[in-house]
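According to TrEMBL, the features are:
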DOMAIN    B:30-211  domain 'Electron transfer flavoprotein alpha/beta-subunit N-terminal'
BINDING   B:R231, B:257-258, B:271-275, B:288-295, B:N309  FAD binding site
Amino acid sequence: MSALRILVPIKRVIDYAVKPRVNKAQTAVETAGVKHSMNPFDELSVEESVRIREKKSAPGGVEDICVISAGPAKAQDVLRTAMAMGADRGIHVEVKDGDELEPLAVAKLLKATVEKEKSNLVILGKQSIDDDAAQTGQMLAGLLGWPQATQASKVVFGEGDSVEVTKEVDGGSETVRAKLPMIITTDLRLNEPRYASLPNIMKAKKKPLVKMSLSDLGINNERRLKIVKVTEPAPRQGGGKVEDVDGLVSKLKELGAL
Amino acid sequence: MFAVAARRTLLRPRSALATSAPSLRSFLSSLAILEQREGQLNHGSLSAITAAQKLGGPVHAFVAGGGVKSVAEEAAKIDGVEKIIAVDNAAYDKGLPENYAPLLVENIKKGGYTHILVGHTAFGKSLMPRVAALLDSQQISDITSIESENTFVRPIYAGNAIATVESSDATKCITIRGTAFPAAEIASGTATIEDGVDPKAESASEWVSEELAKSDRPDLATAGKVVSGGRGLKSKEDFDKVMLPLADALGAAVGASRAAVDSGYADNSLQVGQTGKVVAPQLYMAVGISGAIQHLAGMKDSKVIAAINKDADAPIFQVADVGLVGDLFEKVPELTEKIKSS
């Protein structure tokens with residue numbers, strides 16, 4: 001079996017516990033001074049890659065775990081976090097704040113990287129919690145012509161480059177088998193990401209981090225979707241509380257729900 | 001073999017598409033992708049037709065799989081659909097994106113469609129971005145409303161913000177939030193049924209097995225009533241003992257918060273929220289759920305929200321139309337009895 005050269009794309013997003021606010025101009029969500037962290041699904045991708053190496057679950061072994069992020073300078077923070085979790089090295093594709101790439105552009109960037117780095121497995125999160133698009137992994141698979149297994153909850157390596165992936169689907173789960181090279185996107189149930197320990201955070205500072213630009217990879221940031229406006233959702237007013245079950249039943253009847 | 005097919009589609013100049021549709025305005029036409037399972041039409045997937053109808057212009061629907069004739073005939077009865085394009089080939093039964101995407105691309109190019117729509121379901125999410133990439137189009141995911149033929153509304157940040165986006169792509173690939181577009185009804189339509197093109201691309205992956213949760217209760221995503229349990233249920237036994245009788249008394253589907261799923265109280269296919277299912281029933285009853293933003297993302301468009309929680313300060317009460325503070329282990333059985341006897 002081929003040794004794995006795993007590429008793990010990660011994204012810096014507003015922390016999942018923060019309630020995002022729309023800016024005054026209604027052009028975007030306010031990001032200045034807001035806590036950011038690694039997209040939770042990407043933590044699962046990093047964790048899975050590191051576990052594949054630690055558990056020696058791939059017959060060919062793991063040769064390289066490379067994390068990549070496209071974004072402003074602060075994207076390096078999440079790359080360091082991923083390296084502290086066990087990734088070997090990082091690539092930072094610098095994109096100016098406010099010049100975010102759409103999933104199609106990210107997929108093109110990743111395709112160029114896969115070819116350059118000779119990756120044979122790309123593990124991505126199933127979606128980023130900011131844009132909620134859920135597209136990049138599938139687009140990359142399409143551009144490369146590789147098999148894809150989305151929303152993975154279990155990854156098992158077999159003989160002869162075969163990989164069996166259990167996917168979360170509507171109503172349950174489904175298992176598919178494909179051969180490397182392939183694309184996997186992670187679902188929440190895949191694993192529980194580790195916390196980076198202090199010594200590992202220190203070590204991660206010494207791991208190689210290469211800086212690149214979009215043009216180094218032959219990519220333009222061509223945007224196809226124009227954001228017309230961003231608004232707050234219509235607020236929902238709580239209707240107050242009732243004293244007991246009888247009150248609940250009669251209120252539900254009054255609202256026409258029973 | 002697949003790689004060859006993919007390369008062929010990628011190399012085909014975009015102008016081939018443009019010449020068949022020189023002006024978007026005058027040649028708008030939509031293709032809605034339908035889901036089928038073992039020869040049965042998935043009625044939830046008919047939301048894509050409703051959305052296509054809102055765009056104006058002719059609507060065609062697409063279905064593929066082994067022996068899909070009866071599915072095509074059923075779909076042909078939807079009013080306002082001109083044509084059903086059916087590809088009868090068991091290779092597409094499982095909807096594997098590796099061969100289904102090139103199949104769709106061929107049929108999209110042949111039909112010169114400007115808008116391609118599919119539900120934002122596991123099938124649609126896995127398939128559509130691959131199709132979009134092959135067409136060099138930036139997909140618009142999980143739309144909740146259509147403003148015009150190129151302007152769409154979609155929630156971002158777990159529904160904490162609503163974005164209106166305008167697409168400049170010649171072919172617009174769109175996934176639809178099912179709860180925002182009611183399924184088109186099977187009526188007395190008379191669409192023609194036509195065989196689609198079948199490029200017979202081989203799939204680079206193979207289907208091995210599936211494990212689907214069996215349930216006689218209504219489907220969570222489309223149920224009129226949903227009762228949902230959270231961490232407050234304490235164990236799987238308690239979850240089943242407390243929630244299932246309530247669901248049955250109401251004729252409701254059962255849902256769960258991520259906390260309940262992660263703790264093993266409920267199957268993960270029941271999860272409601274940003275990373276699970278998005279529901280918008282007539283009644284959503286949240287039991288022992290605090291109301292984290294990720295959970296609210298999956299249910300806050302419900303018509304009526306009721307909450308039972310022992311913590312009077314739980315955020316769920318801020319969105320609930322009616323709240324009851326109390327011990328769910330007492331209140332829910334009492335409620336179940338009262339509903340049954342009324």
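Cβ coordinates are placed from backbone N, Cα and C, and glycine is handled just like the others.
Where the annotation comes from TrEMBL, it is an automatic prediction and has not been curated.
Features per TrEMBL, on structure.
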{"residue": "B:R231", "record": "FAD binding site", "DSSP (3 states)": "helix"}
{"residue": "B:Q271", "record": "FAD binding site", "DSSP (3 states)": "strand"}
{"residue": "B:I289", "record": "FAD binding site", "DSSP (3 states)": "coil"}
{"residue": "B:H295", "record": "FAD binding site", "DSSP (3 states)": "helix"}
The one of B:I289, B:A292 whose CB sees the fewest other CB atoms within 10 Å, among these binding-site residues: B:A292
Listed binding-site residues (B:R231, B:Q274, B:I289, B:H295) that sit near chain A [CB under 8 A]: B:Q274
C-beta crowding around B:H295 (FAD binding site), within 10 angstroms: 28
Lowest local Cβ density among B:Q271, B:Q274, which the record lists as binding-site residues, within 10 Å: B:Q274
Proximal but sequence-remote residues of the same chain as B:R231 (FAD binding site) (Cβ under 8 Å, at least 6 apart): B:S257, B:A259, B:A260, B:S263, B:Y265, B:G288, B:I289, B:S290
